[in-house]
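Asks: My questions all concern the structure below.
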């Protein structure tokens, strides 16, 4: 290999290409499991700690009697909410009647609020019970409310384990919390 070929090869490593990069450094803690509780106790549980903080810091959108609504810190899409009972409980069948009713009602209100703010074309709803089912925090039940738009799924999450979320969580929380409060006045 000539000196010019070696120099060209070295220079190539620093030459900008046409690929766009999406940096999501906040997700590395999730990927490495740093934010996961060390055990199943409520002391370690982020869903037990969140209601003890103010709404903006913990990204809580709404507080009910037995359950609350919080932004997902690692959203699949903009507006991805979690409906959580306050009580540290892992299984849906262990919820009280009041908790079951409020989780369902808050899920419905979350859909109405996200629809008013962001006008999604659909939703994914679900609970993953147990680590084997995909629960990131299996010890504390939570209902996912994920708004969906045509074309929001592409190769990036599959190939690069990266999702483009075009809005800051704090801004989305503020809009949803305000819309939630406005809709409560109208009921």
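Glycine is no exception: its Cβ is also placed from the backbone N, Cα and C atoms.
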Asks: Between 140-144, 145-149, 150-154, 155-159, which stretch does TrEMBL give the note motif 'Histidine triad motif'?
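Replies: That would be 140-144, the stretch labelled motif 'Histidine triad motif' in TrEMBL.
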Asks: Within a 10 Å radius around the Cβ, which one of these recorded positions has the most neighbouring Cβ atoms: 142, 144?
Replies: 142
Asks: Within the motif 'Histidine triad motif' (140-144), how many residues are helix, strand or coil going by DSSP?
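Replies: Final tally across the stretch: 0 helix, 2 strand, 3 coil.
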Asks: Please list, for the domain 'HIT' (46-155), how many residues fall into helix, strand and coil according to DSSP.
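Replies: Taking the domain 'HIT' (46-155) as a whole: 40 helix, 25 strand, 45 coil.
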Asks: For residue 72 (substrate binding site), which residues in the same chain are close in space, meaning a Cβ under 8 Å from its Cβ, but six or more apart along the sequence?
Replies: 80, 81, 82, 144
